[in-house]
Amino acid sequence: MADRVNASQGAAAAPTANGPGGVRNVVLVGPSGGGKTTLIEALLVAAKVLSRPGSVTEGTTVCDFDEAEIRQQRSVGLAVASLAYDGIKVNLVDTPGYADFVGELRAGLRAADCALFVIAANEGVDEPTKSLWQECSQVGMPRAVVITKLDHARANYREALTAAQDAFGDKVLPLYLPSGDGLIGLLSQALYEYADGKRTTRTPAESDTERIEEARGALIEGIIEESEDESLMERYLGGETIDESVLIQDLEKAVARGSFFPVIPVCSSTGVGTLELLEVATRGFPSPMEHPLPEVFTPQGVPHAELACDNDAPLLAEVVKTTSDPYVGRVSLVRVFSGTIRPDTTVHVSGHFSSFFGGGTSNTHPDHDEDERIGVLSFPLGKQQRPAAAVVAGDICAIGKLSRAETGDTLSDKAEPLVLKPWTMPEPLLPIAIAAHAKTDEDKLSVGLGRLAAEDPTLRIEQNQETHQVVLWCMGEAHAGVVLDTLANRYGVSVDTIELRVPLRETFAGNAKGHGRHIKQSGGHGQYGVCDIEVEPLPEGSGFEFLDKVVGGAVPRQFIPSVEKGVRAQMDKGVHAGYPVVDIRVTLLDGKAHSVDSSDFAFQMAGALALREAAAATKVILLEPIDEISVLVPDDFVGAVLGDLSSRRGRVLGTETAGHDRTVIKAEVPQVELTRYAIDLRSLAHGAASFTRSFARYEPMPESAAARVKAGAG
C-alpha cells in the first residue's frame, strides 16, 4: 500500500497519513450503555496511544469530556480519537447511543466510511439499532459487529450473537469465539490469550473442538458464498480444503463491499479482542477512496461532477461538528473529502441548508457564503488537539476559529466554490418554552442560543410571534436538558422552562352588533367617540374585512380608520380567552362625534369597546391548529399507536405498508395534543418509531377542551 502513516507512540503526537489510502474512518454506533466509549479506550491502549484506559464512571475517558457527559456518565456528543495500527491511521468516531442525540450520530455517519455496531453481551439489540442497520444497508456501508462486556455478570455471548443475527441477517458471522481469557480464531484455529496487555498464541483445548468446527464451517460457507470465484463453493463441497489465505482475501473483499459482516467479541477491561478488531478495521474496512462522495453542487445549485478522493484534487471538505469554548473559541471538526487543507490558506465557506431542505432550517441556519482564512490545524484526540502540518484527502481534523462556519457547511477552494448536499438532519419535534430567569440575562440568552444553534442543527429556535414565547425545538427531554445545562455552565444564563402556549385563535360563531362609547368630559379637552358595528363570521382563512356603511357623516371621515384601528387592536388581544380574533367582517353602521372632543384615540377606544360588546352578545369559539402527522412504526406497535392517537382526539386518515415489517400511519391531530408526542411515541414503540408533522389548518376546538383553556385564561 502506497499511503502509509507516520506514527508516534503516545497521545502527544498524532499519526499522520500521507494519502487517503492510509486512512480508515470508523464510526461506533449502537445502544446507549453498550460500551462504545470504553471500547475506544481499550483500542487506544492496544495501539499504545494511552498507557492505561480511562473510566466512564470517573469521567476520565478521552471521548466523554463534556461536563454534561461526565455528570451523566453517557455520551451526548460526537468525538474523534485517532490511532495508528499496521501502518494505517484509524479515526475512531464515537457517537451517542441515546435517541435524543441522533443528530450527533448522523454527523458521525457522515464523517465515516464504515461502522462498528457495538452490542453489549448482557443487553442485545434495541429497535433503533435495527433501524440504523437497515439505513446502512441501503447505502452499502461496510459494517462489523462488536460484542462487548464479555466479563459482565449477566453476559451471554451466544444469546447476544443470536440476537445480532436475528436483527441483522445471516451474513453476520463470528470470526472468533470467546474462550476464557482469550479468543479462538475460527480461520486460524488458534487460541489468542491476553495477559498484562500482551497477546500470546497457543492451541485450543480439545473440549473446544466441536464448537470450533461448527462455527468454522458456517464461517467458511458464508465467506465462499460471497467469493467472486464461483468455483470455490463447488470445490469446498467436493471436500477440497480451501487455503486460509484465500479465505482471508475473500473475507476482506466482502467486508469492504458491505456484503459480509464479521463479529468480533471484545472485553474492553482486559483488552481481549482489541488487536483482532484493529486488524479487521485496517485490513477489512475500505479506505476513503473506495467510499462514494456526497453529491456536489455549485452555490447556485447546479450539479457538479463528482470529485476524486485525492490529495491533489480540488478542496472539498465539510464541517461535521462545531463547538464553542469560552477560552479557545470556535472549533470546527472537519472531514476532508478531496484535496488537502493547509494552515494560512483561504477557503470558501458555504452554508445552503434552505436550498436543499426548503427553508426548514433557515431561521437558525441562514444561507451564507464567505471566504475565511485557515488558522491552526490539529488532529483531535477527544478534546486534546494535536498539531497538524497538513490534512490530506479522506482524513478528519479540527480547525480553530472559523468564525462563520457552522455544522453542515462546506469548505472549498475560493476560486471554485462548491457545496456538498448536507446530510439529512432529523427534525426536532419536542417544543420547550423558556425565558431568562433574570431580565438582565436576556441578551446573554440570545447570544448563547445563537451559538448553540450554529453548533447543533437538531436544535431549532423559534420566536413565536403569536404567543410571544421563545421556544426550543429539541429531539427529546435529554437533549433539552443538555441545551439548558450548556446555557447555564458555558454562557452563565439561568433559564426557566415555562408552560408552552399553543397559538389558538378566536372567531365569532354568529352575527352580533356592538355599541362602543368612549366619552370623558370633565373640563378641558375631553374624549368623545361613539360607534355602532355589526360583526359577521367569515369562512376559514378569509382574514378580516372592514366595511364603512355610515350615512350622513355620523362618524367624520377622518375617524373611520380610527374605528378600524381600534377593532384590529382588540382582535389582536382577543375578546374571550386572550387569543387573536380571525375570519370576521366588521361593518361600521353609525356613530356620534363631538366637534371639539372627538379624536383618533377616542374612536380607537370606541371601536375596541364595540367589538367586545358584540362578542358578549354572541358565541365566541376557540380555533385550534391541526397538524397532519405521519408515523413510521414497527407492525408490532401499530395497535398501541392507533389507540394513543385516538386518545389525543386524532383522526386517522389511513395506513400503508412501508416494508421491513413497518407501517406508516397518517393522521390529523390537534397541536395542543402533540406537545409531548416525541416523548410518548418513543415510550409506546420502545424507541423504534418516528414521526413528521406539518400544519394543516385551524378548526373549532371541542367545548370540553375549550372550557379548560378558558378556565386557564381566567
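Any Cβ shown, glycine's included, is placed from N, Cα and C.
What Swiss-Prot records for this protein:
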- 30-37, 94-98, 148-151: GTP binding site (BINDING)
- 21-289: domain 'tr-type G' (DOMAIN)
- 30-37: region 'G1' (REGION)
- 73-77: region 'G2' (REGION)
- 94-97: region 'G3' (REGION)
- 148-151: region 'G4' (REGION)
Legend entry - Top partner of the region 'G1' (30-37) among 73-77, 94-97, 148-151 - counted as Cβ pairs under 8 Å: 94-97
Legend entry - C-beta crowding around Lys36 (GTP binding site), within 10 angstroms: 29
Legend entry - Averaged pLDDT score, the region 'G2' (73-77): 90
Legend entry - Helix, strand and coil residues within the region 'G4' (148-151) as assigned by DSSP: 0 helix, 1 strand, 3 coil
Inset, instruction - Pull the DSSP breakdown for the region 'G2' (73-77) and write it out as helix, strand, coil residue counts. - result: 0 helix, 0 strand, 5 coil
Legend entry - Which listed residue (Gly30, Gly33) has most other Cβ within 10 Å, given these are binding-site residues: Gly30
Legend entry - Assigned conformation of Tyr98 (GTP binding site) - DSSP reduced to three states: coil
